[in-house]
């Protein structure tokens, strides 16, 4: 029997435990969340709700709270029990003994420890416990940090480790990195070292806060908080805690010990003064209001500890190789940080990881580095680094020496079994707007590749070509842009066409026809949004036979914000979906009202679950928690639809006509009176209300979908002719922000 | 001689907020049946003697559909020989139900009636699931008919009622309701409702609050308006019932008579000032009773909005100390179709409790109407 996690339990409702429980719930897995008292567990749950850990309100109901003393018995049917209580060996072991008494055979137990070795956690506990025990080290916030470090011990049953890996991967959406049972595992071992070096070298090189952050941030491919900003974010008061326990655990000869971060006088003074970072109102940076009431940032002078106005960041080369060749404090600082980080990673990698590629993956996913230390070294040149180290009389770790000799580390990225990547697939057709690849089994994948994947005329042409093919068993729409599945219509093109009404009409009609061709094609089409799909990007998904969405995908019809309505069939398709929903009241108005509400709201969903509640995803659509698995899941869904596939017929629907429009507009006027809509919103929504209620129909007649598409086009044409819509479009194009005129 | 209709029993469920309140999980017909069973038990009326269940409901569709008056009687376990009807006059539905019974009594069309109403605004939205006004009406007409909050703003402007006036009225209503609840003066009319393991036995909308707190609320209907949530009645779930019968019937069955129906009137006005409906309806009812407002000892006037209730109070010259002495709908809640029976039942009960002679129950009604009933001590 395959073991899967059907029910989970989390012990400890702090920020990690609560976040882990929320992520189980996001995956649809019922979870028991216990803390010392039921009240503490409820408070922990409330903090997670407030912090946005849940993908939708409906997931909250899957979390059952309780107190450890009263409710430990509720763990009896849990398949995976995660311990996330205080970082104290005795407390954890005492709790494990109690868990052992109630858990069922084969239930996995894991500890979310970040510092305590597995060997010590399981010491003295029965074999049955050790067999089912692993360490699972999550990162905060659990919902958004994709790294999970897993440590299995010598006594761990491989099946238990496999169960945890599988559930963490598929249900919780994490990239599982296997770590050895060494201090701080991988990400924090390297990450804390980097933080120490970047901080201490900044002091040693006499840099200002702004200078250090300018170098340690973007050029390293590290978030722009840099190093001082990162300490402010993390909380400087945690340094004695985190680094203290790390130094307790590190080997005596570890290179990290060369830097006395715990004795750093400025840090100690700041902790003393309570200047511990953002949560305390300021650390190295602080926000103050100037005389005019504007918020400005001040920066600490590292010598005096006094705050002064922030200075512009120094100009630094974005590429590290150029930067570290500079013969000044900034260049020497860049080299000091890079050389030590790469050397340290190369020195410890063979000890902490089975595969050095895991080090890069851990830093990328756990610290949001765009490149891990080895990829960074490859970018700068391993030979350059090794030669300069040698020239300075410093050690060159063997791993680095090997890489220098081999021309680089060039580690293939880690990949879990079953993961499918676009790069794996052979290219069938390649244009600047889109790339068509062969995913195997007759399934092709069309990937947009315009800027933010906007739907340009060229992209529409690519859709036209692929829908005309007769050699496909199915089509997946997927791409690997970091943020956007598609940002919608090509706004610049749309604006350029404002003075060419015929051209604009043609663009709208072409989009409708291309999207409708996806429905009419003799093969199934599956959309796989991995990021935001807004406007036309959402409309194309509404034309797919099925959508397989990444759990964090953001879908939205936001056309109102630019003064138009969804005119590429989005209004029609959402309306028809709402009309087919069984959970809406009967009668002519509820479906139009539901479609109207979603489109008028012009919101982007904050998750796929929310997109489902908004009507963008239907019953037949799936959600993939692990972004790496999205393409494979989408292909599988497409394959499942392929046998005997027949395109769906054109639909007709009963709609209320003018009385429904009057009703919807009455709500619009009320919202306008209450100050929730702007004057032009009313004009836009009048057009929308007319479409979703079917124009001049009446409830006893049927409206064909073709007529609805025509109503969309007319509405866009009329709105695009208004000055207010033009102002909105231009404002969005120029500022990226909606204009509320 | 005409036969006189008397009120021989009144009870209601607790009134609780729609959606977040304790009764949101109960069907409206079950809630109605619950209150009817309690009325039968409390009055001791023989169920088989009842002619009809006349039931008010402002939006009689969905779970409130299928002629809820008939459904409520059946679910309450009344003999199948007892008929049932649903009355819709929006917010005035269940005063109208009482008047239907009084009229049937007057024309020798029955001796005893269960009258009441149910509105579960959690489960059937205000204006219904399929709000489809006639498209021949222009937007202003539709708004006047449906957006009652804006009509309250209009009335406030006409009568010069400021934000402070309205906050004070809302606070006054809450204070009276808190005092009545804490003094045990609401409990006698309330029928506790079991919801799972808990017994819901108190009103859920009453709030002990301060004028300072009310002053912080944002306008609810108009960006620069004066009407807030605290000067409006809340969306509410609840059911109410009264027993209406002839004097002779009451005497024969040993029922306790609270009051007699003296006169009744409905009236129409412009939909855009629907909140003023009680003024003309009350004048007509007073004239029919041969009384003036000075003769009225107690007034139960629905507080759809503080603005309209205060406007009506001023226009009619109702002394403050006679108005809604146990609090009004701003504090207690306003389950649309159920409210009218609360006003009639409450007014009748107060005449008995306070030892007074005449009482008025009156309401404004969306679409531009007023309804008024004058009761006299039995």
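Residue positions begin at 1 at the first shown residue.
Glycine is treated like the rest: Cβ placed from N, Cα and C.
All TrEMBL annotations are machine predictions without curation.
The active site, acyl-thioester intermediate annotation in TrEMBL covers B:91. In the three-state DSSP classification, residue B:91 (active site, acyl-thioester intermediate) falls within a strand. The Cβ of residue B:91 (active site, acyl-thioester intermediate) lies under 8 Å from the Cβ of B:58, B:302, B:304, B:334, B:336, B:337, B:339, B:340, B:363, B:364, B:365, B:366, each on the same chain and at least six residues away in sequence.
All chains included, 27 other C-beta atoms sit within 10 angstroms of the C-beta of residue B:334 (active site, proton acceptor). The active site, proton acceptor feature in TrEMBL is assigned to B:334 (among others).
Taken from TrEMBL, the feature active site, proton acceptor covers B:364 (among others). Reduced to three states, the DSSP call for residue B:364 (active site, proton acceptor) is strand.
Looking at the domain 'Thiolase N-terminal' (B:6-248) alone, the prediction's average pLDDT is 97. Residues or ranges marked as domain 'Thiolase N-terminal' by TrEMBL: B:6-248.
Residues or ranges marked as domain 'Thiolase C-terminal' by TrEMBL: B:256-376.
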CB neighbours of residue B:364 (active site, proton acceptor) within 10 A? 33
Can you tell me the three-state DSSP label for residue B:334 (active site, proton acceptor)? coil
Per DSSP, the domain 'Thiolase C-terminal' (B:256-376) contains 59 helix, 32 strand, 30 coil
